[in-house]
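Read through the structure below, which is laid out as structure tokens, and then see the notes.
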Amino acid sequence: MGAAVFFGCAGIAFGPALALVLLTVAAEPERVFECFFPLPGSPRAFFWLVSLLLASLIWFVSVRLSDREDARLQYGLLVFGAAVSVLLQEIFRFAYFKLLKKADEGLAMISEDGRSPISLRQMAYVSGLSFGIISGVFSVINILADSIGPGIVGIHGDSPYYFITSAFLTMALVLLHTFWGVIFFDACEKRRYWCLGLVVASHLLTSGLTFLNPRYEASLVPIFIITFITGLWAFVTAGGSFRNILKCLSCK
């Protein structure tokens, strides 16, 4: 039973991301390199991990300097730490955009036709997807490790839907990072600061909604609504239209 829960939740959490990788990344060597190589030391992993490290350090210091017996204060510090983590992730997303911008200019200079082999819009999509995968792995890996062990979820009165809702939340997070990457890079390129503000605000809102757990209907439903709306926004930002969808469905 534990193995079934493990593989089922892992499939839910990373199935869409795997499908996106196979359908949109695997066929192009530049995109594979940009997304995965070398994964443990890639710029995306490094940038995201540094943001996580700084947020954890700020939260750790805040807890150490505060009254640990005050439960309300500790909960407030946890919310503060989550907000700081979101802001740092977006700051490092901007830093990664600047790095890719420089790399894109360098690749264009050394190419034969004066153009980069991978466009900035494609970089935005691939980097957003890799950001999401890395974030999803770190958010759900311990939960998946616990799911394979012995025991029955909810035997002490807790929600029996903990593992599956965590998997769906991770899936939404991976997709959201992909969509945010497309929107964020386009907003930086075109200097649309209100779009940057909406990306940061939606990231903060998504993170804040997780504090409603274990009332999963109050957190999961709004997060998937945000995911759907953000996905449509990213689709339009990338140049998509209803006509493109019809062409895709008709295999043109």
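Keep in mind that glycine also has a Cβ here, set from the backbone N, Cα and C atoms.
What TrEMBL records for 1-19 is signal peptide. Residues or ranges marked as transmembrane segment in TrEMBL: 45-63, 75-96, 124-149, 161-185, 191-212, 219-242.
Note on the transmembrane segment (161-185): residues 5, 8-10, 12-17, 20, 90, 93-94, 97, 100, 120-121, 123-125, 127-129, 131-133, 135-136, 139-140, 143, 147, 153-154, 195-196, 198-199, 202-203, 206, 210, 213-214, 216, 219-220, 223-224, 226-227, 230-231, 233-234, 237-238 of its chain, located 6 or more positions outside it, place their CB under 8 angstroms from a CB of the stretch. Here the transmembrane segment (191-212) does not touch the transmembrane segment (124-149). Their Cβ atoms form fewer than 3 pairs under 8 Å, with each pair 6 or more residues apart. Most Cβ pairs under 8 A with the transmembrane segment (124-149) among the ranges 45-63, 75-96, 219-242 are made by 45-63. Sequence-distant contacts of the transmembrane segment (45-63), counting only residues of its own chain at least 6 positions beyond either end whose CB sits under 8 Å from a CB of the stretch, comprise 39, 74, 77-78, 80-81, 84-85, 88-89, 91-93, 95-96, 130-131, 134-135, 138.
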